[in-house]
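Features reported for this protein in TrEMBL:
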DOMAIN    1-60  domain 'GST N-terminal'
DOMAIN    65-191  domain 'GST C-terminal'
Amino acid sequence: MSFELSIVYAERENSPEGYQELLQVNPLGQVPTFVGADGYVLTECIPITLYVASQSDTTTLLGSTRRDYYDILRWMSFANGDLLPAIGGCLLPLIGRRQIIRQDHDDSVRALKARCGRLEEHLRGGKAFLVGHQMTVADVFVTGLLSGAFLAWHQVMESQYPETSRWFYSIYNSPMIREVAGELPQHNLPFPVIKEAVC
């Protein structure tokens, strides 16, 4: 499966022209926004990912059964709705960016540990993929969203979540991802800790 994509960066501050172009097709200014060659507009990362993955009639990325497909949706939803906000809530303040969600520091740390713990439990026993017995779009999607945590805290992730780390590096280093994303830079930012309550 091969696509030619034209990517427009649409940050209001850094790319005013791109942002105006985005507003033409999506008045809410949401990213990501997909615009097909035929003018078809689609928003939200999960539908866009599924749409792109479904363009090949022979794809195995969408699973082999209906249950696989629903499990794929479940893992993608988990990553986007639970895992990503927890990572962002911990990482964004460390790099001087405003938190997008209304969650305090301690809640973000607790959520990150719980979400990573859920992945660790699911992958225990050497499980190679999130769904079924081959790589699906769930593996690609969750790896993409989890990459921020490995970029920032790879040493902690590797020591506290070994099964998740094994799976993450296996998926990230697959040709499908590595050719597009390149080598994952690894920093050693301080892993967030829950602050002591002051009485």
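Every residue, even glycine, has its Cβ placed from backbone N, Cα and C.
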Composition by DSSP (helix, strand, coil) of residues within the domain 'GST N-terminal' (1-60):
19 helix, 6 strand, 35 coil
For the domain 'GST C-terminal' (65-191), what are the DSSP-based totals of helix, strand and coil residues?
90 helix, 1 strand, 36 coil
Mean per-residue pLDDT computed across the domain 'GST N-terminal' (1-60):
88
